[in-house]
Protein chains: 2
Amino acid sequence: MELILDDAFFMRKALQEAEAAFDLGEVPVGAVITVRDRVIARAHNLTEKLNDVTAHAEMQAITAAANFLGGKYLTDCTLYVTLEPCQMCAGALYWSQVSRVVYGAPDPQRGFTAMGGKLHPRTLVTPGILEAEAAALLKRFFIERRNLN
Amino acid sequence: MELILDDAFFMRKALQEAEAAFDLGEVPVGAVITVRDRVIARAHNLTEKLNDVTAHAEMQAITAAANFLGGKYLTDCTLYVTLEPCQMCAGALYWSQVSRVVYGAPDPQRGFTAMGGKLHPRTLVTPGILEAEAAALLKRFFIERRNLN
């Protein structure tokens, strides 16, 4: 069976990260960063565990990718993230000059488009990859959390 | 001599952090976070040294303050920063629900107001504290850097 390294393939890796966050009781968002179809960073939301609002999946992935590359610019990289980035993460992606941002579910409340944030003008954006899966995982998380309280 | 713990007092501490960044060859921005007139976090820009676009002074100060407090919300805190926060830092401050943001120099290019970012609706903002000092340090940095190249 041939492995097809398309956006859905890498978004599935990001979804695996989101599931890892879910299992830890974190809002289930996951991210991976690739360079030429190679994953160089993966991360999931850890804001509860680390008691740190900056510990979004994207932020950790950006730091890890820059560490891997030995440079702070991600100009040849693609970030896959299961949920539309917030303005903080959009801001970090802006500074990183990342080539592409591919995301799953939109975030009409706190996504960067709703909040008025901006990516770098050279960054291409592809929304809606495995959107249903990412949204279903988030919905399940919030239903379960509501039932616990 | 009585110590007057006003905004200028704490902004001077943030300026000391900015000077430490300057001495490291970093864009000179510094930040401190206070709770009831006590400094609980201090940081300066380390994006070059850490090869990490997320290593702005504010981001590190937010993480350090949350670590000190043992909780991720900074609802009783004031952030002092020498330069207007960018949209990434504004986004982090938004999530932290910080009480007040006091900044020195405006950033007409990359500041959160120019970029369209938002702080939390409950966050009070005081611009312009020791603005001239913060702006002069930044200007000196960019003049020296230009002369080196």
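Even glycines carry a Cβ here, placed using N, Cα and C.
Here's what TrEMBL has on this protein:
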type	residues	note
DOMAIN	B:5-115	domain 'CMP/dCMP-type deaminase'
BINDING	B:H56, B:C86, B:C89	Zn(2+) binding site
ACT_SITE	B:E58	active site, proton donor
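Per-residue pLDDT, averaged along the domain 'CMP/dCMP-type deaminase' (B:5-115), amounts to 97 for this model. Taking Cβ-Cβ distances under 8 Å and a sequence separation of 6 or more, the neighbours of B:H56 (Zn(2+) binding site) in its chain are B:V29, B:N45, B:T47, B:P85, B:C86, B:M88, B:C89. DSSP places the residues of the domain 'CMP/dCMP-type deaminase' (B:5-115) in helix, strand and coil in these numbers: 44 helix, 26 strand, 41 coil.
Non-local contacts of B:E58 (active site, proton donor) by the CB criterion (under 8 A, 6+ apart in sequence, same chain) comprise B:A31, B:A43, B:L79, B:V81, B:P85, B:C89, B:A92, B:L93. Cβ contacts within 10 Å of B:C86 (Zn(2+) binding site), excluding its own Cβ and spanning all protein chains shown: 27. All chains included, 31 other C-beta atoms sit within 10 angstroms of the C-beta of B:C89 (Zn(2+) binding site).
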